[in-house]
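Enquirer: From Swiss-Prot, for reference:
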- 1-23: signal peptide (SIGNAL)
- 30-73: domain 'SMB 1' (DOMAIN)
- 34-51: disulfide bond (DISULFID)
- 39: N-linked glycosylation site (CARBOHYD)
- 62-69: disulfide bond (DISULFID)
- 74-118: domain 'SMB 2' (DOMAIN)
- 83-113: disulfide bond (DISULFID)
- 93-95: disulfide bond (DISULFID)
- 93-106: disulfide bond (DISULFID)
- 99-105: disulfide bond (DISULFID)
- 106-113: disulfide bond (DISULFID)
- 124-170: disulfide bond (DISULFID)
- 132-344: disulfide bond (DISULFID)
- 147, 185, 352, 353: divalent metal cation 2 binding site (BINDING)
- 185: active site, AMP-threonine intermediate (ACT_SITE)
- 216: N-linked glycosylation site (CARBOHYD)
- 259: N-linked glycosylation site (CARBOHYD)
- 270: N-linked glycosylation site (CARBOHYD)
- 271, 309: AMP binding site (BINDING)
- 360-457: disulfide bond (DISULFID)
- 405: N-linked glycosylation site (CARBOHYD)
- 512: N-linked glycosylation site (CARBOHYD)
- 541-599: disulfide bond (DISULFID)
- 554-654: disulfide bond (DISULFID)
- 594: N-linked glycosylation site (CARBOHYD)
- 674: N-linked glycosylation site (CARBOHYD)
- 745: N-linked glycosylation site (CARBOHYD)
């Protein structure tokens, strides 16, 4: 056996010796793959295929050269093939084993190469999870804008956008966010950044003329970088002024030296930069050392706006654009998760406006209204008209004549012409010299243009009335600062600035938002609003005798027992308490104007606050119930008398209303809301009248005799508060008494510019306004007080054809009413103040969608 083994070993040795002696060599396998070989130096001695950057010229590349060496320089994601790749020059992102250390991994590296689940497949984060990695004491805030992403896209096609849909499901989202008017890109982005209306921050459109600067502003002009255009304090400055750092990857205004400075980091706008590169840069900012890392970051992409303009809002192309936007969000969230920041960063995803379909068949031409279109016109969905010879003719241009010539010219017009001061107050679009005096409010899907030379009428556009559903924008939020799985009612984008300040623990600069109104979005609200403090308390107006002699010029022949009728106004304390419980169920409106002299007047069915400064009520409040009757009885005719509680020198008189004047006395509380003729006398008094243009009384009377009873039936009763507004300088705030007294129209009675009506009911319509324990519903209106009804082309039309449509155009927030009157509503509500602020900032919507 041993001999056999020795023989075998000897044979092997001989064989090897012979092989070596004959020069046999070990076989070399030719190269067949580029894995780990990309960009290697070419060698003629190498066998097999090549992977150098010239191999395509020699037609000598390995079969996987394209996938292994070329695609990584064009791709923003990993693949199984790329995992563990050798480092390649000029790749967009890396999938090499050391990419985490080098901080240049593709955002999906861990999920593709390390087997971790993707952010999209993860469950929604629990509030108890550890949120931030070491070094992040405060959650960064990312503000991400997807231009032109209308809320309806997400409503209709959410299943095609899994990343956005997950953000919606896991975080907080609004049904929609309301843009400011005009619903344009620069306008709304800068409003979001400052919390200011366009009239306040100055960017009133994408194209502007300023007579004081004698300059034109446009998106493409160099003058857009002139800081003189940009007012207010954008959020990036608020952050840096208070010790934080801010970085903006494109945002209107961020590349302008506003107030002498820029954001800590900013990028000059360049639309050619891929969305993925923008996300990658934002993630790199979050990788910076703590001393350099921004606390606030913005990110902007042009889609789906660009595609919406080209193809319209309902198209296969828009779906592709939405999916591109969705992938961009997914890339951001994957990158955040890879850094363990996905539950640390607070992210707000929103849009500036929506998108509407347009057609060249839906154009209103000014050439059809003027023989000579001798003016300058900003054409489109939000047109403005001014003199073409500026600055010379800027102030002398006949704006009123233009509006008159565009009013009620055709049986069907697809726009309404307004002087800026007459625009609906909800738009807040008057108080800036840059807002031209002539404005056209255009119907949905229509545009107003000069003449038939206009050709930009295909696809989609935006700029329309911000109440149009097509102009509504998305709002979604996610992160440790926000409530989870939370849907909230709509709100306006002026509120976002305060919200961002709260997330960053900053003190906001003055703005048009209502701080605290979005506290219900936040897990732990940073700011607690305080109740308003009344500045002027009511005085006493004691019951007194009828003045003798009575020089008021008032008469009421139907009253036979004047003393008995007047005694009805002399309520004892118990009767006053009962009246307040009935007529002021949510508390008395508080007066926030300084040095206002007024007294409370109690009647059984209504209460008013009579002002000795303006000789009329500041407000009148009453509650009406659901009635099966569809009409109210007529008021007693030719019956008006002095209120014996008001001294004659502080009272209106009937002689103030001469027949040759255009004004007539109107009633804040309708006398015929009382159940009997005798009770009507409680309201047929001078303390209940206000001056109204005769044309306006048609609207006012129909509103009260027909529409308010209708709404009371629909809502199981209403509390009604109404009163005058004085805003002669159209700044959206109440005028001083000195200003008011300059507008008395040949009488000592000042003439209001508007009247307000606030209708409050119980959201649960089982309950009446008086026994409502839950949330309230509100309809509020600010009605322009105009001498005629040309706004509705209604001088000869019956009221049922136009009044309701008119008041709906002039819907408003309760907060708008407060600012214009100096009043504070709902002071008696027991609910938390942020809930009351939600009610005050709610804007009813009546606009019907286009069929």
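Indices start at 1 and increase along the chain as displayed.
Yeah, the Cβs are placed from backbone N, Cα and C, and that goes for glycine too.
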Enquirer: I'd like to confirm something. Which of the binding-site residues, 147, 185, 271, has a Cα closest to the Cα of residue 259 (N-linked glycosylation site)?
Expert: 185
Enquirer: Using only C-alpha positions, which one of 147, 185, 271, 309, 353 is spatially nearest residue 83 (disulfide bond)? These are the binding-site residues in the record.
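Expert: The answer is 271.
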Enquirer: For residue 599 (disulfide bond), which of the three DSSP-derived states applies: helix, strand, or coil?
Expert: strand
Enquirer: Out of 69, 93, which of the disulfide-bonded residues has the smallest number of neighbouring Cβ atoms within 10 Å?
Expert: 93
Enquirer: What is the separation, in Å, between the Cα atoms of residue 69 (disulfide bond) and residue 271 (AMP binding site)?
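Expert: Here the two Cα atoms lie 28 Å apart.
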Enquirer: Cβ atoms within 10 Å, counted per site: which of 259, 512, 594 has the most, among these glycosylation sites?
Expert: 512
Enquirer: Taking DSSP three-state, what's residue 105 (disulfide bond) in: helix, strand or coil?
Expert: strand
Enquirer: Between residue 93 (disulfide bond) and residue 271 (AMP binding site), what is the CA-CA distance rounded to a whole number of Å?
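Expert: On Cα coordinates alone, these residues lie 21 Å apart.
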Enquirer: Given a Cβ distance threshold of under 8 angstroms, which distant residues of the chain, six or more beyond its ends, lie next to the domain 'SMB 2' (74-118)?
Expert: 35-39, 64, 67-68, 276-277, 279-280, 283-284, 287, 331-332, 334-335, 337-338
Enquirer: Would you kindly give the Cα-Cα distance separating residue 271 (AMP binding site) and residue 95 (disulfide bond), rounded to the nearest Å?
Expert: 28
Enquirer: I'd like to know which of the disulfide-bonded residues 95, 113, 360, 599 has the most other Cβ atoms within 10 Å of its Cβ.
Expert: 95
Enquirer: Going by Cα-Cα distance, which of the binding-site residues (271, 309, 353) sits nearest to residue 99 (disulfide bond)?
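Expert: That would be 271, the closest of 271, 309, 353 to residue 99 (disulfide bond).
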Enquirer: Let me know how many other Cβ atoms fall within 10 Å of the Cβ of residue 34 (disulfide bond).
Expert: 26
